[in-house]
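Take a look at the structure below.
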Ligand SMILES: Nc1ncnc2c1ncn2[C@@H]1O[C@H](COP(=O)(O)OP(=O)(O)OP(=O)(O)O)[C@@H](O)[C@H]1O
């Protein structure tokens, strides 16, 4: 079971005594307001006491005073009395049901009102956490469970009390010794059963929590379907769903196990009194108990007491614990809404979860238009798999350009301002025992700066962009964008801070204009024209039939998709753009034009570069390698980083030189 589900379990696995305390007062108030219904119910139930009494008593008298005394007519008369008592059960039950509605329907209405108030309140207040996805389950499934369980419980509890009273009274009237034999095993059975109630309630809680977690996941996946598809994170979400289904199945199995134990206890307890009575026949006969009284006692046991006990135990065990749990979930203390999953990588590894990068589409709608926080991120390969997890250590502080400005890199005019990006001693490992991909990395990027990140494949460039974007939580240290820590920040707030563009551009069906204004829905036609101008998109716009022409993503080349997504990023109001090889399918000229346009745009640009020209265009270059990280201007890093010299040599097919 995942860490989140496990913590939910810890929260939920109290044995029910807390819930009983919490619910006692509202329950008393609810019943006090319906004292009239309770009295009428008790009156109808008294008829059951009489009925239970007469059945056994009639049989005993029929035998003793009738058939054994040679008076068949009298015997038949007493049997008729017992029969009439049985037949009277039907109108009695009808009367009971009529009164029961006076309790169950107000309960249902009250619970529905409460569930609606509770889920609408926070939504109307616009507070954090967004919509309460468990509310639907509470409103439909859980309220119905509460109502049915309550009805079942009232019926059986009442029936047991009144039937048992009639039967015990009957036993007493036949012979007090009968009570001495019957009461101990009965009490033992009841006691044994009561012992199983607490673990049963805990199992019930876990089953409900697992059910809700599964419903929550399904709702989140449905809402984020497009982004999941766009980012290829569908398999991760499916795996998480499978885990939750497995968790729910496991909880249901535990519950079924307890139900089986309880049923076994019931079987034993239900038969013990009969056995005891059979074994005690000689002793009872010695004390003057007549054959008719014995037969009457068996009738009480088999016809009244044991069925009532059996139903009571079943109802208390299943309906009672279910009612307790469900009522506590609906009217008990409010539980915090689950935050978008963003656990630290090391914890995720321990919990076996996909990493909690909650940003399914790297290009996202602005906060106001974004429908839902997203789910899981890309599937995590096994640590070290395929050599891809070779770790690198990017150590030591990376000063800005100029030693006099250790805290803020970038252009001198920007130094007094808040850093656009700041990493303080950031470490990231993808597994508990895995070597860190980034180790104690410090970095400052000034507002308006253009930084290129370079390094060999698998060194951690994408990891760095995802950390800055806040879709991946560091194992240690702090990541700030525009002065605000990004870890754990809701996707809506992250979207206002940055745009992360991956290699695979996200283009959807709709018009070209829909696609371009996705990150800025209120954009004017002039804004749109300016963006298309800046990125040189007009030839593509014309080929596709204009800005309002419908777009078929499948008909675009990878390069065209990237150009379109870059134009969309240009339009975004977010102050930071993170391009993770987002221009790799463009030819060098188109890439240069796009990068220059994005660098001219007010804001900060961080580019994972895959061409020398891209690094040269930047204000500074950050070189990540296996043991160190170097940052400075192109010329500075050429001097200081042998790796950079190597890379530039490969890029230009010869010795490194400034273009
Ligand atoms: N989700 C993950 N789970 C486990 N390891 C991962 C995960 N993502 C990346 N890694 C590992 O972390 C290291 C850095 O990966 P990253 O994608 O950041 O490198 P990169 O420099 O961007 O590579 P490339 O240039 O090939 O895209 C690699 O060894 C990779 O295998």
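Note that Cβ sites are derived from N, Cα and C of the backbone, with glycine treated the same way.
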Transmembrane segment according to TrEMBL, located in which of 150-172, 219-241, 288-310, 311-333: 150-172
TrEMBL feature transmembrane segment, matched against 118-137, 178-197, 198-217, maps to 178-197
Can you check which of 37-57, 352-372 TrEMBL lists as transmembrane segment? 37-57
Which range, 77-97, 392-412, does TrEMBL list as transmembrane segment? 77-97
Beyond a gap of at least 6 residues from its ends, the CB atoms lying under 8 Å from the transmembrane segment (37-57) belong to 31, 81-82, 84-86, 88-89, 92, 95-96, 99-100, 102-103, 154, 158-159, 161-167, 169-171, 173-174, 296-297, 299-300, 303-304
Beyond the flanks of the transmembrane segment (178-197) by at least 6 residues, Cβ under 8 Å: 16, 168, 171-172, 258, 261-262, 265-266, 268-270, 272-273, 275-277, 280, 283-284, 289, 293, 297, 301, 305, 309, 313, 316-317, 320-321
